[in-house]
Amino acid sequence: MFEIKKICCIGAGYVGGPTCSVIAHMCPEIRVTVVDINESRINAWNSPTLPIYEPGLKEVVESCRGKNLFFSTNIDDAIKEADLVFISVNTPTKTYGMGKGRAADLKYIEACARRIVQNSHGYKIVTEKSTVPVRAAESIRRIFDANTKPNLNLQVLSNPEFLAEGTAIKDLKNPDRVLIGGDETPEGQRAVQALCAVYEHWVPREKILTTNTWSSELSKLTANAFLAQRISSINSISALCEATGADVEEVATAIGMDQRIGNKFLKASVGFGGSCFQKDVLNLVYLCEALNLPEVARYWQQVIDMNDYQRRRFASRIIDSLFNTVTDKKIAILGFAFKKDTGDTRESSSIYISKYLMDEGAHLHIYDPKVPREQIVVDLSHPGVSKDDQVARLVTISKDPYEACDGAHAVVICTEWDMFKELDYERIHKKMLKPAFIFDGRRVLDGLHNELQTIGFQIETIGKKVSSKRIPYAPSGEIPKFSLQDMPNKKPRV
């Protein structure tokens, strides 16, 4: 059996960096090199301050960096020396041309394939790690075949990641399963077994599943679509709960105890975010349309539509509770990452809520413990989010949550950071304008509602009526939809 001794990973982002750090940690005899064209990102990986925040990541990196784990911008040499090359580059949703707003843009995958074949010789395994549409492996193989040379044998595998940001290291060290897809040929199966041997250093063999490449690619899209579907499903019920007086948490607990349903991903919120869920569901929608399956496409499109509705509904609730205007009012936004325990802001609901409030003229004071000021400004300066000098006029980045809340009309919790449960809300209430509102978009304060109301707060949360003096709000349809996929990024003023 072919033995993998050197691994190269192209892409030092949220997938490539943590994944290869754990592989190096678990396989000390394998030399792992993570490469990227972004020099500042590589410099960060080689510094005490890593470019991404993930619990446990720093300890893993420091345990093997400089021993068998290396970060470099020398892509060509890393490819030449490697037995296995992971492709772990971004596959964003297209913002132009055919499939705009839905199809995956594979230009970075194609660029990697061409660079790999140019710098390869002998036998090498090339593995998709990025989330890609079905048959992407076939496209890579066609590029390899069209540019082949003597004594070159490149085998293409699919090995999608199933880690969740915030628990990535735990997920990588103890995965539910490892999925490897390859050709159903002797050469393809040889490559599959070689990659299996790497994971068998720490993953039980029964947890390593092998399929053909198409099944592997579709499994990743389907997994994310099902998880997003569960969130949209419980969010739809949260709207019904608010209209009837039910509590969505109680409903979720009741149905989650049914073993056929389970209790995972039944947390109602202001909406899902992150780099994968929306992108992958839209990719699935586009695939179904391309294969002439319109009913299936419409079914999955509803997952995205419900997520958009939940965000617009929450923004409407804020505006209408504040006497139907937020113009020139200070509003504290607590949390900007798409979920706790990560600094990732991609498709974060905070961006959408901020956009809706800025359009109404609100002055936003934003605090997040892990998202740097520059990232918040970049996200809010997207042309689909803000206009001209809107961010400079309306957005302030606060150094702590108390500064953000000082003099505010309302506090809006958009990320479920644990620290928000521990804040001194009496101190916050004293410095806010009255009536003081808290809009809990993540239900992190569920156990504190009575205490907060005693202090004097008016509480609005997802899927439950809390404040008795509730002002009816306008239909969410009055807030127009927008998408971060609509336009290319512009250079922000930081």
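From the backbone N, Cα and C atoms, a Cβ is placed for every residue, glycine too.
Classification of CYS276 (active site, nucleophile) by DSSP places it in coil, neither helical nor stranded. Positions annotated as NAD(+) binding site by Swiss-Prot, on the basis of similarity to another entry: 11-16, ASP36, ARG41, 89-93, 130-132, GLU165, 276-279, ARG346.
Residues annotated as region 'Disordered' in Swiss-Prot, with similarity to another entry given as evidence: 88-110 (among others).
Its Cβ placed at the centre, LYS107 (N6-acetyllysine) has 13 other Cβ atoms within 10 Å. For the recorded site, LYS107 (N6-acetyllysine), the DSSP three-state label reads helix. The feature N6-acetyllysine is assigned by Swiss-Prot to LYS107.
Listed by sequence, the residues of this chain that lie at least six past the ends of the region 'Allosteric switch region' (129-135) yet keep a Cβ under 8 A from its Cβ atoms are 9, 11, 15-16, 19, 86-91, 103-104, 106, 109, 158-161, 214, 217-218, 220-221, 224, 276, 279-280, 283, 286-287. The feature region 'Allosteric switch region' is assigned by Swiss-Prot to 129-135.
Look at GLU161 (active site, proton donor/acceptor): DSSP puts it in coil. Per Swiss-Prot, active site, proton donor/acceptor is recorded for GLU161 (among others).
Under the three-state DSSP scheme, ASN224 (substrate binding site) falls in the helix class. Per Swiss-Prot, substrate binding site is recorded for 161-165, 220-224, ARG260, 267-273, 338-339, ARG442.
According to Swiss-Prot, the active site, proton donor/acceptor annotation covers LYS220 (among others). Counting Cβ atoms from all protein chains shown, LYS220 (active site, proton donor/acceptor) has 24 others lying within 10 Å of its own Cβ.
Annotation source Swiss-Prot lists active site, nucleophile at CYS276, citing similarity to another entry. Counting only residues at least six positions away in the same chain, the Cβ atoms of THR131, ASN224 sit under 8 Å from the Cβ of CYS276 (active site, nucleophile).
Look at Swiss-Prot and you will find 321-325 tagged as region 'Important for formation of active hexamer structure', backed by similarity to another entry. According to DSSP, the secondary structure content of the region 'Important for formation of active hexamer structure' (321-325) in residues is 1 helix, 0 strand, 4 coil.
Summarising the annotation, Swiss-Prot assigns region 'Disordered' to 466-494 (among others) and lists similarity to another entry as the type of evidence.
What Swiss-Prot lists as phosphoserine is SER476, and the listing cites similarity to another entry.
The binding-site residues GLY11, ASP36, LEU221, PHE338, ARG346 include none with a CA atom within 10 A of the CA of GLU161 (active site, proton donor/acceptor). Nothing from the recorded positions LYS107, LYS220, LEU221, GLY271, PHE338 places its Cα within 10 Å of the Cα belonging to TYR14 (NAD(+) binding site).
Put simply, PHE277 (NAD(+) binding site) is 16 Å from ALA268 (substrate binding site) when counted between their Cα atoms. Using CA atoms as reference points, the binding-site residues ALA164, LEU221, GLY271, PHE338 were checked against VAL132 (NAD(+) binding site), and the closest is LEU221.
Here is what falls inside 10 Å of the CA of ARG346 (NAD(+) binding site) among the recorded positions LYS107, ALA164, LEU221, GLY271, PHE338: PHE338. Between the alpha carbons (Cα) of ASP36 (NAD(+) binding site) and PHE338 (substrate binding site) lies a span of roughly 24 Å.
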